[in-house]
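Student: Could you have a look at this structure, given as structure tokens, before my questions?
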């Protein structure tokens, strides 16, 4: 039921970044569920991880090791290794140690990632057994299979790619993501991996991943549930024959930032398009806020309201539910007489009440679309925020009543 | 699909408080949709109203008039008169003026209440036409019909009643409520009316309604959507032959408070039991918090998580989703290693991980019940909070995809 999400686009290889996929049989035999990524020596890496206090064991280890010289990223699906206590930490370290033994790199040059069911022991032997096959499969032109290898309840693989020219040199930014439920990223998404062959100093890369995630992964929500395993990693292999980016200025930085932001946005929005049970892709834009937080508060109140989400599923232009959500979003001293609300280009509410020009037919025409924009003008200031979400369908309930996440 | 909610209990008449019901045909011909309540001269009245900034026209008027000498409460269903701007205010005032003309009381002695679809003009002529029939129907023994008269998507009427003896005098507290969706009251519920024949000074009554609502209506949630029309009113007719309660002390005050709290709790919980599509009645108790707000933050994170709500619908003891919600509730410096979680009496998580003694069969046995208690021990302090909620079922989606609220 993915909305506006087709087959994977061309995913350009990133020189210095290889991916290998294997089947460990963690949850189901024969499913691709282990992905190893190798970064060329001298790569820099930066990342953001979940703010959930119950973060998974691999997240704790990845946080410790970020900033050091990272050479491998080891991902498994089918088991989140979250809520697993000391055993979970030991299992995550053990899987890294196994990969270190096979490759000869230091253990702390390996970052572990897990996604899948919460609270079950990680079947670490199965992962260990699959590592040689994953290593044998390592190649730069393997992004599409890796995008499949990190899927859980996703119905389609997700990826995006950009290239730009600088001083006659082609620079590539390619990324993949996964996630369809338990999605309200807060510093990152379920899992996202984006690599470039630009050479970027680590502090610059860290700012870039934080800023890009804030405008993309941290602006999507499916069910309001922030996951225990969110991680988003940005890797710079430095293989492009260009000077190192050491500060947030200059044309190369600007080009790189543009390409990174575009890839982040595309793979983040792909998660919403493939949201559990989604039949609509919904943009919620809040303008005229006195500050960014109040814009976000209003946008998330609208995006999380089960009443609005079910109305979106029913293609019902039920603007009263939108006004109600704006009203309870917690904005201090909200003057409702200044508020306009638009569905697409149709003004449905003007100065806090039904717009005189509005007809039910106009609203119904917008709601019948698969991609719907809700725009709220607060009339309080100059700040704006935009987030993306889905509707709430019968299929969402079926999936989550049947699937053990 | 109401959970544990049967026919109305006996609703004892409250001397000095009469109710009259009529059919105005606001949304559907023949449906009871107008209720007039008459308070004896000398009654005191106190109330709490929604914190939604987009509050309905009748809420604005009721707020203005609370504290004065109130004689009538006029309620209509089928139309919320919310998001209706200046016309909505004029219509609410006009319906009060019509009732004032028929009864000879001052216009500001009448409090208006509306519930139903948001954003449609109030059909005030239909309400005016129904007033004589409602007035002719006024009697003290009419609570059960009034409980039906205020229903919208409710499947059952909701009421509760208590009596106690003081100095040989019987004192009665009786109340009714309505609401099944757009329920996360914040100062009050959709609509609640509770009356007593005790004589209570207005400031004491105001504290009583606030305190009782805080422990009952303000601790329930179905979908997290705070309505535009929430109102809860407590009326004291003073007809019981007892001294006036003028301070929050003494045996009579204690008895009255106990009865009022019990009636509030019963009619508030009835709203959850009749929640849209509800198949479970869920108590979420958070103990060991450092303050009350963090207990509430954790409780509401659990109660609003669509993933937990669908797991409850599926009777799936998916404790990982509960840990995840606790983890993203926003509690500062949460030490997950101190947290225990119980399903009923079964410890499912101990010190932040799966309890060693826990078996899936134990969890499944609790989840199979219609009434489920989730208890979370934070291990940070002495504060506790308890709230009540429902599951998220296919029926919830069907109701809200089809019904225009």
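The backbone N, Cα and C atoms fix where each Cβ goes, and this holds for glycine too.
Relevant sequence annotations retrieved from TrEMBL are reproduced here:
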ACT_SITE  A:189  active site, nucleophile
BINDING   A:152, A:178, A:189, A:276, A:400, A:405  substrate binding site
Student: Need the DSSP three-state call for residue A:178 (substrate binding site) to compare against my parser.
Tutor: strand
Student: Given the binding-site residues A:152, A:400, which one is most crowded in terms of C-beta atoms within 10 angstroms?
Tutor: A:400
Student: Using Cβ atoms only, which of the binding-site residues A:152, A:178, A:276 are under 8 Å from chain B?
Tutor: none
Student: Cβ-Cβ under 8 Å from residue A:178 (substrate binding site), same chain, 6 or more residues apart: which ones?
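Tutor: A:77, A:115, A:147, A:150, A:151, A:152, A:154, A:158, A:190, A:191, A:192, A:271 - these are the non-local Cβ neighbours of residue A:178 (substrate binding site), listed in sequence order.
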Student: Which residues in the same chain, at least 6 apart in sequence, have a Cβ under 8 Å from the Cβ of residue A:276 (substrate binding site)?
Tutor: A:153, A:180, A:181, A:222, A:223, A:390, A:395, A:396, A:399, A:400
Student: Specify the secondary structure state of residue A:400 (substrate binding site) as given by DSSP, simplified to three classes.
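Tutor: The residue in question, residue A:400 (substrate binding site), is helix (DSSP, three-state).
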Student: Name the secondary structure element type, per DSSP in three states, that contains residue A:276 (substrate binding site).
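Tutor: SS state of residue A:276 (substrate binding site) = coil.
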